[in-house]
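These come from TrEMBL:
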type     : residues : note
SIGNAL   : 1-19     : signal peptide
ACT_SITE : 114      : active site, proton donor
ACT_SITE : 262      : active site
DISULFID : 328-357  : disulfide bond
ACT_SITE : 371      : active site, proton donor
ACT_SITE : 415      : active site
BINDING  : 507      : Ca(2+) binding site
Ligand SMILES: *[C@@H]1O[C@H](CO)[C@@H](O)[C@H](O)[C@H]1NC(C)=O
Ligand SMILES: *[C@@H]1O[C@H](CO)[C@@H](O)[C@H](O)[C@H]1NC(C)=O
Ligand SMILES: *[C@@H]1O[C@H](CO)[C@@H](O)[C@H](O)[C@H]1NC(C)=O
Ligand SMILES: *[C@@H]1O[C@H](CO)[C@@H](O)[C@H](O)[C@H]1NC(C)=O
């Protein structure tokens with residue numbers, strides 16, 4: 001209940017003024033985040049580089065992202081905003097040596113989405129920072145130009161995946177020594193289709209070659225204006241998950257804000273921030289989706305009516321009271337849009353969502369939230385087939401917490417801290433800095449293991465249960481960047497509350513330079 005009072009306080013603050021709150025920097029906290037970054041990097045650089053991912057317990061590596069050095073590329077924009085010249089140098093030396101024509105043995109299947117958000121986003125962000133406000137870190141490096149050349153070459157390779165009757169890409173493309181080969185995927189999802197538009201548009205704007213933008217825009221059009229809305233758009237602006245790459249029709253009506261759909265909605269408002277002249281229709285679609293989410297998906301748990309979560313859906317008449325760590329970016333996205341539009345109601349609603357995700361951290365043994373959680377909705381009858389009470393072993397936990405855990409792992413995900421960051425930038429309320437710091441301390445205490453940081457199996461067991469020996473590249477790109485920025489000094493890449501955003505963050509937390517100031 002304490003935290004509910006805090007949110008109400010933040011809300012009343014907001015209703016007085018949206019623009020330009022004052023911020024506090026915490027040098028001792030940013031120093032601690034830098035120490036964690038260095039430790040994670042040293043483990044990776046010693047035991048895994050130039051492979052993709054560190055296995056910190058076994059002191060080995062995995063090429064889960066095709067063997068192009070995913071952690072190095074993902075770490076670069078964070079090393080830059082932290083001002084870590086030594087790590088910037090190590091990564092910049094590596095960039096020109098990446099051979100995107102060749103995958104690691106057995107790793108020919110390339111995800112167009114993952115490659116776009118991690119590699120293309122990482123390269124373009126570093127290019128924007130090094131040709132912009134952080135040019136001093138790139139001096140004498142051939143690699144600054146190589147960042148853009150490599151990004152362009154990578155996009156040229158990935159372009160083959162758009163060669164379908166509809167123009168919707170297949171998410172899987174095989175990159176082999178004899179060239180690329182399409183997969184036989186018949187469908188693709190709205191997150192994997194709709195989370196290319198920012199990176200590929202930026203590439204077109206940087207190179208002056210419109211073809212990258214045109215490819216992804218053609219695919220995005222099927223999401224912005226569904227051809228079969230009777231199936232594909234169960235609520236206004238809220239769409240299904242998968243589309244047929246042959247005819248461009250939706251094949252289901254399921255969706256919400258979880259993995260598989262999440263960053264499609266995220267990028268609608270971010271495209272408007274990127275270029276508010278060109279992407280007004282994206283803004284309209286975002287507003288429609290947000291209004292429907294508030295009207296149809298808002299849910300409060302029976303045991304904790306003070307908490308707000310967003311339900312998922314399987315068609316308009318079947319809500320599914322489940323949410324995820326991934327979905328916890330939603331509060332931050334509502335807030336970003338609220339700031340952009342001067343919509344206090346969206347900011348207040350976003351702060352409620354942020355509070356809900358904070359509760360998932362507060363309730364567990366490790367003070368870290370779980371991968372998947374459920375609750376019983378307070379509006380629907382408690383015996384409805386989609387609204388069952390918790391399993392008996394979770395009854396007590398649910399009574400206090402307002403959710404129960406369906407999948408208990410934590411894989412070094414950023415979304416809860418990401419939303420604290422937007423909440424703080426919108427309000428200047430230092431409560432959100434403290435929440436981010438508490439989460440960071442808990443993550444450091446629970447996941448620091450072996451020569452780096454490891455995913456854990458159970459956030460509600462002492463020590464997080466088993467260490468599952470995997471340090472995801474987004475720990476560098478996202479967790480450590482948002483943990484740092486929320487405590488850091490003002491800078492041109494900090495999110496602004498007063499319509500002056502010079503950068504837009506891709507879904508992997510790589511800041512890309514906005515085309516003009518929005519509004
Ligand atoms: C992975 O690391 C090993 C050991 O350093 C090295 O021999 C190998 O070439 C690397 N593979 C890739 C794909 O980077
Ligand atoms: C996709 O559309 C094509 C052409 O209409 C059809 O033959 C195929 O069965 C569809 N596949 C799926 C998975 O819906
Ligand atoms: C749920 O409970 C109500 C009230 O007891 C009852 O009328 C209804 O038939 C029940 N519905 C189901 C699906 O069991
Ligand atoms: C992170 O963990 C290390 C090792 O346990 C510890 O020395 C350091 O103080 C921790 N940092 C924070 C901010 O808790």
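Numbering starts at 1 and runs along the chain as it is shown here.
Cβ atoms are placed via backbone N, Cα and C, with glycine included.
Curation plays no part in TrEMBL annotations; they are all automatic predictions.
Recorded features from TrEMBL, shown on the structure.
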residue	record	Cβ neighbours (10 Å)
114	active site, proton donor	18
262	active site	25
328	disulfide bond	29
357	disulfide bond	27
371	active site, proton donor	18
415	active site	24
507	Ca(2+) binding site	26
Open item on the list: Measuring Cα to Cα, how far is residue 328 (disulfide bond) from residue 507 (Ca(2+) binding site) in Å?
Closed with: 13
Task: Spatial neighbours of residue 415 (active site), counting only the recorded positions 114, 262, 357, 371 and Cα distances within 10 Å - done: 357
Task: Three-class DSSP secondary structure - residue 357 (disulfide bond) - done: helix
Open item on the list: Here's one to test understanding: among the recorded positions 262, 357, 371, 507, whose C-alpha is closest in space to the C-alpha of residue 114 (active site, proton donor)?
Closed with: 507
Task: Rounded to the nearest Å - Cα separation of residue 371 (active site, proton donor) and residue 262 (active site) - done: 15
TODO: Between residue 262 (active site) and the residue listed as 'Ca(2+) binding site', find the distance joining the two CA atoms and give it rounded to the nearest Å.
DONE: 10
